[in-house]
There are 2 protein chains.
Amino acid sequence: MSDAPIVRPLPVSGFPEWLPEVRLVEQRWLDTIRATFERYGFCSVETPSVEALEVLTAKGETSQEVYMLRRLQADADDDSARLGLHFDLTVPFARYVAAHFNDLVFPFKRYQIQRVWRGERPQEGRFREFTQCDIDVINVDQVPLHFDAELPRIVHEVLGTLGVPPWTLNINNRKVLQGFYEGLGIGDPLAVIRVADKLDKIGLAGVEGLLTTAVGLDPDQVRACLELTGIRGCDPGVVEEVRRLGVKSDLLSEGLDELAAVLGDLADLPAGDVVADLSIARGLDYYTGTVYEAKFVDWPDFGSICSGGRYDNLAGSFIRRNLPGVGISIGLTRIFAKLLAEGLLTTGPSSPADVLVVIPAAPRRAAALATAAELRTRGLRVETYHQPDKVARQVRYASRKGIGFVWFPPFDDGRAHEVKNMATGDQSAADPATWTPSAG
Amino acid sequence: MSDAPIVRPLPVSGFPEWLPEVRLVEQRWLDTIRATFERYGFCSVETPSVEALEVLTAKGETSQEVYMLRRLQADADDDSARLGLHFDLTVPFARYVAAHFNDLVFPFKRYQIQRVWRGERPQEGRFREFTQCDIDVINVDQVPLHFDAELPRIVHEVLGTLGVPPWTLNINNRKVLQGFYEGLGIGDPLAVIRVADKLDKIGLAGVEGLLTTAVGLDPDQVRACLELTGIRGCDPGVVEEVRRLGVKSDLLSEGLDELAAVLGDLADLPAGDVVADLSIARGLDYYTGTVYEAKFVDWPDFGSICSGGRYDNLAGSFIRRNLPGVGISIGLTRIFAKLLAEGLLTTGPSSPADVLVVIPAAPRRAAALATAAELRTRGLRVETYHQPDKVARQVRYASRKGIGFVWFPPFDDGRAHEVKNMATGDQSAADPATWTPSAG
């Protein structure tokens, strides 16, 4: 062995990786998510991991979190300095729709399952590289409001199928917030939204202080803002609660109508799964209507596991068309890692194989390979052991990898094949032309 | 619309993205590749996109191509400066095996389908972000030589199933090269390998010149090196050709035995699909035995579409264990983009949906949604049209998206459902509880 210093082989902090038996479960999740999205007719899109800086910062304030690129050995015409890794899938998707506008059929409904990157300090639930599963609809001129309800309904089905522990989808509408603040005579409603969005972190007193000092609201305005923030409820009646605060503006009225319609559309879901929460704002600037934010019921301090909303001015801004959209994102890695850490995932085997074919002795190697090949032509997943060896050792290998069946090709010509069911210990004759695991 | 300057929405050069109807074909390819790898019992592994610089440069000389990260707004304790995007999947996999050594079952056979990044100038067949599909085997102390033949055999099956145009897998063995140069009394065999690897780019005269001037070989040594480089053949007899050059060393002899064994193992594949080519070296330093490099037959100047080889000192170097490995990588994006550019891919529909359910009029919306829901519970992929509209417009939407069937929920209660087969134009009564596309 070399005397060179040893490079510690750990993955970089904040960049998760899984053992094979965990990855196999993650693959099942991804297959389920994809199948569900496709059952609703959403097509797959992937965009590059990398976008130009001006695309990443076309809207909003998340520049803090962006990983930019640089070539290790940059030369004079290096253009990598203006390239960064995408921090979500919404901005790249909006750019994609604008880029391919003439080749897409609208309304354009796509799902996108990809990694995203954020240059954050790692902590529980916060990774620097993680996979998101997004569905979005973008259309020319208008996206019917029923999509604002259909998207969380699809996510509800996905998480239900995956058996994710209880969670609540909190819904709000940015028009309600902005319209309410405008109705109070506040000049910069976005400033209030940014402060109110910090409620989770700085608490009610912190928000009150900032609204007074940083935004410059008077005590009546502050009180009204805090009253709005405190409204939360499961049924459309919550909209009446807002109206009772007596603030008036056209935008507020429009937002409340939208919020009531979305809540009404989702009223058939189990009670408490969808909650109107007037404190939800979503910090990113690009949302203009409905906003979503989902959290685990049992871990209220854990970050949001799904989020999204309606963005009317994102895709169109690239080509000066009116291209509103609405979307929702499942934070796959965050959910998956949390359930793994809590011991709530049943991990799979560490091999995808249905069968291990043993090689009892060197002269039987050809017969073992031929048997494996025959089983594979029938769609079975088959490992062959890598060398002639003691049979007990080969069976132990199958056991350690969680392979369900061990196949013994005939030790001598003319004898029968045999299969051992690792779960029951039963061993019986089998025909490679007809055997199936369910018959095993 | 805003008066802000328009950000051009094109993807960055060298970072490919596909329209939905192309992506759908790419997904089918990925599904086929995954299924084939799993049929041979390889498990899935994914590693982070990002590795520490010292891991990326633990072996070899590819630092030129690495994209490093930097935070857009870096603070004092920013650690991103030592992080880079992986440029292949072999180095991260070797790091992974070392990191999880105690939790893996050996021989460890994994497949890994992920994007990789190289900070290169884009040109035909060269992307800066692309997907590779790798299979590798790493074991403690020794990896049986038959894997050197099994891995290209699996790739042969994959590319055959995908219908990729004719290609040749060129095989060589680094021990043959190094042993031959040692047998010639050359002090720095790696220097010769690096020069000989440039044959494609600088031609025979260029290699001859560099061997003389840069490496300092005498004319006899140069002549012998060039003779070796010219040897190429389909059958194990090619090994005899090398032996007839009269150069002797233990390493050469060992390498020739290995090369003959691998060629022999693959002799049943169609003639010409596998060729021993003594000019193949693979520039990366980590290969120590068998090396692979595949090219299209009809586009000889197009880059290699698969590559790989045996690396005895890569994984073990991280933890001072003896962990040899062998692997091969399919350059998925390079192959896929080439066939797309040549017009050799039949693109799919732009929706995954089997059925579009129309909404003939607003009062029938609930019936349409209920019909779609019922079809989905039976596993069918179903779009509903997004709003009540002229039926002709909804049928045209299905046609433009390539959706095979249009479903008409009853216009009035008590009437029958009907389905229109878009390929044949036939329209007939159908029961959402039993209908299938094949019966359509």
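Note: Cβ is positioned from N, Cα and C throughout, glycine not excepted.
Whatever TrEMBL says is automated annotation, not expert-curated.
Secondary structure at A:D88 (L-histidine binding site), taken from DSSP and collapsed to helix, strand or coil, is coil. Other Cβ atoms within 10 Å of the Cβ of A:D88 (L-histidine binding site) number 23 in total over all chains. According to TrEMBL, the L-histidine binding site annotation covers A:D88, A:L89, A:T90, A:R118, A:Q132, A:D136, A:R282, A:Y286, A:Y287.
Ranking the binding-site residues A:T90, A:Q132 by how many other Cβ atoms lie within 10 angstroms of each Cβ puts A:Q132 at the bottom. Sequence-distant contacts of A:R282 (L-histidine binding site), defined as residues of its own chain at least six apart whose C-beta falls under 8 angstroms from its C-beta, comprise A:R174, A:D197, A:V291, A:E293, A:S307, A:G309. Packing around A:Y287 (L-histidine binding site) is summarised by its Cβ count: 26 other Cβ atoms lie within 10 angstroms of its Cβ, all protein chains included. According to DSSP, A:Q132 (L-histidine binding site) sits within a strand segment.
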